[in-house]
Amino acid sequence: MKDSSNLLEMRNISKEFPGVKALDNVTLKVKKGSVHALMGENGAGKSTLMKCLFGIYHPNSGEIFISGQKVQFKNSKHALDNGVSMVHQELNQVRERNVMDNLWLGRYPKKGLFIDEKKMYDETEKIFKDLDINVNPRDKVSTLSVSQMQMVEIAKAVSYNSKIIVMDEPTSSLTEKEVSHLFKIINKLRKQGISIIYISHKMEEILEISDEVTIMRDGKWIATEKASDLTMDLIIKLMVGRELTDRFPKKDHIPKETILEVNNLSDAKNELKNVSFKLRKGEILGIAGLVGAKRTETLETLFGLREKGSGDIILHGKKVDNSKPFKAMQNGFALVTEERRQTGIFGKLPIDFNSIIANIDSYKTSTGLLANGRISKDTQWVIDSMKVKTPSQKTLIGSLSGGNQQKIVIGKWLLRKPEILLLDEPTRGIDVGAKFEIYQLINELAKEDKGIIMVSSEMPELLGVCDRILVMSNGRVSGIVNANETTQEEIMHLSAKYLSVTGGVNNANQIKEKV
């Protein structure tokens, strides 16, 4: 007998792929009008379970009930037509079409033989008004922020009269203010009786927005608890199967002499303004700042992705020319980019290709062919030294968890033996267990005398991993502090130092929310 309070019941779901049991007898029950968080390390089976719900995968065994009725969706369209929607982490929109086109694509309202644009506009406006979404239905999607694109996807789910909406890492690219707006929308949906399945690695958010939390590990159901009964420590223990006594490894590297000096660095657009700092061998230098502080732009200018306007980059006491990425690479610089899936990996290609791509010319033989033996050897070095979990070198990198993808991205650069490693949000979208492994790896690299510059939006991460923290505000350095002696409040105040009255209103609001 099915519990009438549950809108969704997935019972004893199992799913196998060749050589892998991705789901093993998993049960998930979601109440009507609730926010039910789904948590687990990457590879725990969360996405596979949701793909079984959404008709992308078909389970080998188990049953799915919605409102007490057994369902078996043939595909995602079948799921949508029956009130199940999914807002994916990677937003899939036609950017050159307008917002309402994207909302109603493939099911335009008709007036005779023609599309009824007025009805389409009115229906879109009504949904936006109900959800407090401030977007013009006639704007091109390409003009929207990531947050606005996400709101459009949620509105699209509502337009299908969805009873269940799955949100996969919905806040991974949002500011605190945008997260707050998203939570207001989620609460409106909850009041309308819509159930939200919320997938996230951000434990603070889970505890704030969720009614119940289900935790998975290694393809199995581990626990379902009321969010109010959980703590961050208990969630971590359930997720990883052990206690993480410390969120960050011990800082046992010792910074040595100065290896890099950056003097009055500005970019050609003058968004960076006279950035100066020093980096020592074996040092981890964090870069903090609010959205718009130009942290990523600093790394891109150092690496030659962004044109330098003025200033000097001095390595081992000598000026170096990093005007192009290939020159920066020759000078011993490496950049792990913020958007791993877009700019860090070739998702549809195997691990071996992704491991050697940053150094591919060195694998060419005199005949112009690739030395497959060396490629295999070096790929195995990346897999072993980075502790990558994969069945094969030929596994498509896009099929791996975010943590394993990031390890390969770092490993490919280490094959070049860089001296300066630039890390832009290195743990974004990575679960708590894999984060600890990345922190350990960064610490080990510092012990090997690499100079490391690390951008992060997570304040505890900067304080827990770095030796010093350079704080940026509106393209300028507003202070450099010792990580062991500073506080989050000091860093936040430094982040606001150069905000203008007109240009920094949104960021100033972030300061008020955080401090």
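Cβ atoms here come from the backbone N, Cα and C positions, even for glycine.
Record features, source Swiss-Prot:
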BINDING   G40, E41, N42, G43, A44, G45, K46, S47  ATP binding site
DOMAIN    8-243  domain 'ABC transporter 1'
DOMAIN    254-499  domain 'ABC transporter 2'
When DSSP is mapped onto helix/strand/coil, what comes out for G40 (ATP binding site)? coil
Does DSSP put K46 (ATP binding site) in a helix, in a strand, or in coil? helix
Can you give the mean pLDDT for the domain 'ABC transporter 1' (8-243), rounded to a whole number? 89
